[in-house]
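Asker: Below you'll find the structure I mean.
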Amino acid sequence: MFRSVARSAAGKNLLRRGYATAVPERKVAVLGAAGGIGQPLALLMKLNPLVSQLALYDIANTPGVAADVSHINSRSEVAGYVGEEQLGKALEGCDVVIIPAGVPRKPGMTRDDLFNINAGIVKGLCSAIAKYCPNALVNMISNPVNSTVPIAAEVFKKAGTYDEKKLFGVTTLDVVRAKTFYAGKAKVNVADVNVPVVGGHAGITILPLFSQATPKANLPEEDIKALTKRTQDGGTEVVEAKAGKGSATLSMAYAGAIFADACLKGLNGVPDVVECSFVQSTVTELPFFASKVRLGKNGVEEVLGAGEPQTRT
């Protein structure tokens, strides 16, 4: 049944992360599924053997994406939904809702420039989530995450459905980039690398903790500074490389799929599932902060601190 997953590089990586042989029924919705992030994310979620139902929603073009993805011989059944009148049907019974909806960054734009547009989109989607699947885990990808997560929290509070354990800002791409860049500089196998990333999900708020990176490499301070800046500017690097024709869509879809997979494993009772995420937190005086989070059957089981740096030798 999982042969198609095992044949794909993404699927192999997801399978290596551990599953039970008998898994519960789980419905996942992707809101913004026809977009640049949404389409590859839909593909990756179709490959995930933990997903039994995959609901793909957007304001246009979703039937084609759903038809295309549905032909893949993996576990989940796929349905496409278009427009606000079908949003409720897409959300009913969802365990996890992933939101990549919104406009992408273009050259010269900061994440703050996206706020006025994407804030309204997120508000509308979260109002529907509060109505149709208030107990779902919400994975926020729409930028600026530093702002869209607090907006979502306020929408849920107004609806009386807010649960701080079930709202996540997806900062996994910062971790993915930090791992990749560190492995290249340290000349170690990237599959063995772990780098926690704390703070936020925009520019200098992104704080990769290379002092806690494993395996330890004892890189000089100038290399650490360069790696930190490249991680912080990773989104801009892609926007500029695409010359106005897109932002980080493929790598973001991969990161989104990794985090959604972690949420599903937590829901299914897999122990010791830890990922970095932008969540309500008391790690600092800020109401929301990205750090390591232990995931479980209720979403956030524990918000972990920033940790201690390794001593240099």
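Cβ atoms here come from the backbone N, Cα and C positions, even for glycine.
Caution: TrEMBL annotation is automatic and unverified by curators.
Taken from TrEMBL, the feature active site, proton acceptor covers His201. Marked as NAD(+) binding site by TrEMBL: Gly32, Ala33, Ala34, Gly35, Gly36, Ile37, Gly38, Asp58, Asn118, Ile141, Ser142, Asn143, Met252. What TrEMBL lists as substrate binding site is Arg105, Arg111, Asn143, Arg177. Taken from TrEMBL, the feature domain 'Lactate/malate dehydrogenase N-terminal' applies to 27-169. Residues or ranges marked as domain 'Lactate/malate dehydrogenase C-terminal' in TrEMBL: 171-305.
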Asker: I'd like to know the mean pLDDT over the domain 'Lactate/malate dehydrogenase C-terminal' (171-305).
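Answerer: Looking only at the domain 'Lactate/malate dehydrogenase C-terminal' (171-305), pLDDT averages out to 96.
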Asker: Looking only at Cβ atoms, how many others are within 10 Å of the one on Asn143 (substrate binding site)?
Answerer: 28
Asker: Quick one: Cα separation, Gly38 (NAD(+) binding site) versus Asn143 (substrate binding site), in Å?
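Answerer: Here the two Cα atoms lie 14 Å apart.
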Asker: If I take the Cα of Asn118 (NAD(+) binding site) as reference, which of the recorded positions Asn143, Arg177, His201 has the closest Cα?
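Answerer: Nearest by Cα distance to Asn118 (NAD(+) binding site): Asn143.
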Asker: For the NAD(+) binding site, please report the maximum Cα-Cα distance among Gly32, Ala33, Ala34, Gly35, Gly36, Ile37, Gly38, Asp58, Asn118, Ile141, Ser142, Asn143, Met252 in Å.
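Answerer: Farthest-apart Cα atoms in Gly32, Ala33, Ala34, Gly35, Gly36, Ile37, Gly38, Asp58, Asn118, Ile141, Ser142, Asn143, Met252 are separated by 18 Å.
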Asker: Just checking: which of Gly32, Ser142, Asn143 have a Cα that is within 10 Å of the Cα of His201 (active site, proton acceptor), counting only these binding-site residues?
Answerer: Asn143
Asker: By a simple count of other Cβ atoms within 10 Å, which of Gly32, Gly36, Gly38, the binding-site residues in the record, is least packed?
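Answerer: Per-residue Cβ counts within 10 Å for the binding-site residues Gly32, Gly36, Gly38 bottom out at Gly36.
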Asker: If you measure from the Cα of Arg177 (substrate binding site), which of the binding-site residues Ala34, Gly36, Met252 is the nearest?
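Answerer: Of the binding-site residues Ala34, Gly36, Met252, Met252 has its Cα closest to that of Arg177 (substrate binding site).
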